[in-house]
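Asker: If you scroll down you'll find the structure; I have some questions about it.
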Amino acid sequence: MVDIREVPEADIDRALELAYLVFHDRPEKEARERHHALLARCDRIGAYDGDALVGFMAAHDFRLSVPGADLPCPGLTFVCVAPTHRRRGVLTGLMTEMLRRATDTGRPIAALWASEAAIYGRFGYGGATTGTTIEIDSTRPLALRIDPDPRPLRLVDPDEAVDVIGPHHEAARAGRAGRPSRSPERWREEWLAEQDEEDEEFSPPRIIVLGEPGEPVAGYVLYRTKPESAGDTAGTAARTTGLVRVDELEAQTPAVAAALWECVAAVDLTGKVSAWGRPADDPLLHFAADRDQVRVTAQFPALWLRLVDVGAALTARSWAAPVEVVLEVHDARLPDNAGRFRLKAGPDGATYAHADGAADLALDVRELAACYLGGTRVTDLVAAGLVQEHTPGAAAALDDALRTPVLPHTGDEF
Ligand SMILES: CC(=O)SCCNC(=O)CCNC(=O)[C@H](O)C(C)(C)COP(=O)(O)OP(=O)(O)OC[C@H]1O[C@@H](n2cnc3c(N)ncnc32)[C@H](O)[C@@H]1OP(=O)(O)O
């Protein structure tokens, strides 16, 4: 019999051993200490078989930017079940407890990054943002259709970076839905960690900001570099095949973005810039003069979102256009969300209440979550057979209301 309960701080090392076992990992002491500190700050739920910890789940205490608001949102991480106990409902038990805690503490949404896309739909999570990997052939200067901002660029020491770029990041979060808040600890232990967690060949983080000295920065790029691969050390090719990996680039204007991309594409002794997890509507894809030089090489579901309290989530966000629809929502895990509800929303706010009339649209809560940040169109899900449209035009009207000026985006993998 497996018991689902709080994991005390004294059991964090056991939780880490279980996580390293299931993720086939053997991190160095420094990374273990970092993970320990991270889990000490998280909400922790365990599955115990007798004294043995056989399942674990942690949750960051995030806020997530949604259109027009910033909502408390547990960010699930370190989800793991022992190989001896898989497919016996342990994850289901952990998830049920996590959703109960979110409900009890008034957090209307929850989010995660999935190790495998097939796992979380059954728990009501929908893929709400899309990550786009962009590669630049930087063996030649980046060709641009707009003039880059001419203001000065300067390197910032990682020790000062949180103070210098943190406020810019926070402001950018408000402008795009899908972004978790970032504590000083997460800045330091993840984005600005000296050692890259995934690949020790990468350099420490480099931060370049744009703006006049003494003024708030107008944009920044955070990147790491990697020399050419071993064995490829002779000749011209070797001098130009190093890699610049852009971890984050934020800019107030297209001209600032152009200057920062131009700068990273010009890093000496490198021949490629790779930026994973960019927004699907990255302006670079439009102002690059040569789309053979700047290519999209991958697109993937990034943030998986769960509407824990559908009514609270829908009425908290802003709406681009008026809409009135009756939704028939299916939610196999959280019955309070299930049923027929009238959504009346517009630029002045929204109401969401039980309705008696016929439904205009019928959908599962995971489909509603996929559309909630404006990154998935309801009409596309109607076309895919996942949303039933009983009243012609209802899906398009809901799309008009859900639309956001820019696509949602999540650069934080957690
Ligand atoms: C947010 C994150 O941390 S993502 C990281 C997730 N963790 C990992 O990938 C680590 C390795 N994997 C594991 O630890 C486990 O296999 C887990 C956590 C993925 C699943 O745990 P389990 O306890 O086996 O899941 P549980 O028994 O509750 O399964 C519930 C349902 O999900 C299904 N399921 C579970 N894992 C998977 C999977 N990887 N792919 C597809 N379906 C899955 C089960 O078949 C079951 O289906 P059913 O309801 O139709 O019967």
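For all residues, glycine too, the Cβ spot is worked out from N, Cα and C.
What TrEMBL lists as domain 'N-acetyltransferase' is 2-147. Per TrEMBL, acetyl-CoA binding site is recorded for Val79, Cys80, Val81, Arg87, Arg88, Gly89, Val90, Leu91, Thr92, Ser115, Glu116. Taken from TrEMBL, the feature active site, proton donor covers Tyr120. According to TrEMBL, the region 'Disordered' annotation covers 170-198. The compositional bias 'Basic and acidic residues' annotation in TrEMBL covers 182-191. The annotation active site, proton acceptor is assigned in TrEMBL to Phe414.
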Asker: Go through the recorded positions Val81, Val90, Thr92, Tyr120, Phe414 and pull out the ones with a Cβ less than 6 angstroms from some atom of ligand 1.
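Answerer: Once distances to ligand 1 are taken from each Cβ, Val81, Val90, Thr92 fall under 6 Å.
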Asker: Can you tell me how many other Cβ atoms are located within 10 Å of the Cβ belonging to Val79 (acetyl-CoA binding site)?
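Answerer: The answer is 22.
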Asker: Measuring Cα to Cα, how many Å separate the residue listed as 'active site, proton donor' from Arg88 (acetyl-CoA binding site)?
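Answerer: Counting only the Cα atoms, the answer is 16 Å.
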Asker: With a Cβ cut-off under 8 Å, give me the same-chain residues at least six positions beyond the ends of the region 'Disordered' (170-198) that come close to it.
Answerer: 30-31, 34, 37-38, 41, 60, 62-67, 70, 73, 75, 111, 128-129, 158, 161-162, 204-205, 207, 222, 224, 247-248, 250, 279, 302-303, 373-375, 404, 406-412, 414
Asker: I want to verify one value. Collapsing DSSP to three states, which class is Val79 (acetyl-CoA binding site)?
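Answerer: The residue in question, Val79 (acetyl-CoA binding site), is strand (DSSP, three-state).
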Asker: Take the Cβ of Arg88 (acetyl-CoA binding site) and count every other Cβ within 10 Å, whichever protein chain it belongs to.
Answerer: 15
Asker: Pop the Cα-Cα gap between Phe414 (active site, proton acceptor) and Val81 (acetyl-CoA binding site) into the table, whole Å please.
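Answerer: Pair distance, Cα basis, whole Å: 18 Å.
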Asker: Under DSSP, the region 'Disordered' (170-198) has how many residues in helix, strand and coil?
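Answerer: Tallying H, G and I as helix, E and B as strand, the rest coil: 14 helix, 1 strand, 14 coil.
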Asker: Which value in Å gives the longest Cα to Cα span across the acetyl-CoA site residues Val79, Cys80, Val81, Arg87, Arg88, Gly89, Val90, Leu91, Thr92, Ser115, Glu116 as recorded?
Answerer: 19
Asker: Counting Cβ neighbours within 10 Å across all chains shown, tell me which of the active-site residues Tyr120, Phe414 comes out on top.
Answerer: Tyr120
